[in-house]
Amino acid sequence: MCRLRDCSVCECPDNEFPEPFKKPYNGLSPDSMICQEGKPQAAVDKTLDTKVFKGWVETDNPWTSDDETDNNEMTYVNLQLNPERYTGYTGDSARRIWDSIYKENCPKYPSEELCHEKKALYKLISGLHSSISVHIAYDYLLDESTNLWGQNLPLLYDRVLKYPERVQNLYFTYLFVLRAVTKAADYLEQAEYNTGNPEDDLKTQSLVKQLLYHPKLRSACPKPFDEAKLWQGENGPELKQEIQKQFRNISAIMDCVGCEKCRLWGKLQVLGLGTALKILFSVDGDNNLNQPLQLQRNEVIALFNLLNRLSESVKFVHEKGSSIEEVIKEQSPPTVQKGVPKPKLKLDFV
């Protein structure tokens, strides 16, 4: 149940959803515009490619709140038709989502007294928040009258680059997810990427292997994150359950997002982060002390998409971090702070 005011979402009528193999005009219906406050860029295109549509049955992730066992409640979405970008979802409604996430689960300004695990949760959420802001700034509707899209560098600076901690947390989250992917390399290599399109399946398997065993990646980041530092001491198991509960609450809050496309990408990336947590903390991939790793199809999709989103964010921040000062200085020189740092790629909980 949504506990935030003014974040309810109107349910679109059944005729918005296309037949499984029928492509509606532009993938959208007039009724769906009503649910997105009249902003077509906020609606989700639910067109499906007939070559790749196939039903799957899912099971739950203990780190997230979604019940994926009921296929009747699931909607298949082609992410390539719904890129993460600016949607017009701003103001109090969007702000309350993030305020609730931080207030209920991880303080926005953590104190030194917080344990390493709670600091890590804050950094993960802050890093994800920063990455989402980066993608909004990267693909922004600059002129609605001409449908002109492009990079909004002042927004990138105001939301991310001007705060060194947010940049550092972006790198932290990226390395955290990268560690999960590399730890699950054996499983991900052997996973069945079966979409019903043999050509795409072979291409996917090849790309997965290239990612998992890329020589530059393995040499530059042999172990980008050391999860063994967490959950130590006699209170470790109880602390782990507490943070797991908090992360499930974050997953549930994402259901309150009032923009359909924002909710799509928010839930997808939170599921990806929950999958990384599952890999690193719910199973022991090295010693097989607990149950063997089992990932569902949606978890694998979410994990790879999250890694892609974070890596693209890191790349964009790296490219613009040093040059953006001159761009912003021409527009608002009094607000610019020189020397936006590029954080080191070593994680430290202390």
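Just so you know, glycine gets a Cβ as well, placed from its N, Cα and C.
For Cys2-Cys7 (among others), the entry in TrEMBL reads disulfide bond.
Per TrEMBL, FAD binding site is recorded for Arg85, Thr87, Trp98, Ser126, His129, Arg159.
The active site, nucleophile annotation in TrEMBL covers Cys259. Its Cβ taken as reference, Cys259 (active site, nucleophile) is surrounded by 25 other Cβ atoms within 10 Å in the chains shown.
Annotation source TrEMBL lists disulfide bond at Cys259-Cys262 (among others).
According to TrEMBL, the active site annotation covers Cys262. For Cys262 (disulfide bond), the number of other Cβ atoms no farther than 10 Å from its own Cβ, over all displayed protein chains, is 23.
Here is what falls inside 10 Å of the CA of Cys262 (disulfide bond) among the binding-site residues Arg85, Ser126, His129: Arg85.
For the FAD site listed in the record, the two most distant Cα atoms among Arg85, Thr87, Trp98, Ser126, His129, Arg159 lie 21 Å apart.
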